[in-house]
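Feature annotations, courtesy of Swiss-Prot:
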- 11-31: transmembrane segment (TRANSMEM)
- 49-69: transmembrane segment (TRANSMEM)
- 84-104: transmembrane segment (TRANSMEM)
- 109-129: transmembrane segment (TRANSMEM)
- 169-189: transmembrane segment (TRANSMEM)
- 196-216: transmembrane segment (TRANSMEM)
- 228-248: transmembrane segment (TRANSMEM)
C-alpha cells in the first residue's frame, strides 16, 4: 500500500495522519448529537477535546517509545516523528482521560457526564484510525494462507500481501469490533442516565475485543514475555466490571 495520500509542495501527507484527522472530526460530529441526549454543553466538550486530543497523541507516542526505546536510543530525534505510526492507543487513552479529568476538575464539571458523552466518539475515532495502520502496512497479524485471505475484499488482500506473504488483517477485526461497540454505546447513552456506565462499558468492551485480537498480532509491545496490551485489557475489563457493579448498586 502507498502510505502517501498527497503532497503539499515537497511535504508528503500520509494517509495515517489524514485518517486520524477524519476520525477526530467524525467523533466531534457524533459528540454534538450525544451532547443533546445528555443535555451537556457542546462548547465545553470542544474545550475538553482541544486539551484531550493533543494529550492523547503525546501519551500514545510516549507509551510506544517507552516499550520500544532501543529503536530510538541512537537517534532520539525520531521520537518526535509520528508520521509513520508508532502510536499506542492505551497510552493515548490514559493521557487523554487524565488531561480531561484535570480540566473538568478545574472547571468544576462532572467528569463522568462528559466522558460518557465522549465514549462513543472515542471508539468511533479508534475504529476509523485503525485504517491508518492498513495504509502503513502495520498492526497486522501472523501469516495466513491465500485461501483464508481470499474471503476478504480484493483491496484487503492486496494490502495484506506484504513481502510475498499474506497476513491476518487484524486492523480490520478491531475496526469492525470498535464500530459495533460505538453503536452499542450510543444506544446505552440513550437508555441509562446513571453517570459512568457508558464510559466504563467502553473501557470493558474495547478491552475485551483488544485482548483477543492482540493475540493474533505480530508487533505487540512486551513486558518480559507478557503482551502489554493484553495485560492492560485484562485490567480494563476488571476495572469496568467493578465500577459498573458499584454504579448500579448505588
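The backbone N, Cα and C atoms fix where each Cβ goes, glycine too.
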When each of 11-31, 49-69, 169-189, 196-216 is checked against the transmembrane segment (228-248) for Cβ pairs under 8 Å, which one has the most? 196-216
Stretch with greatest number of CB pairs under 8 Å, the transmembrane segment (109-129) reference, 11-31, 49-69, 196-216 candidates: 11-31
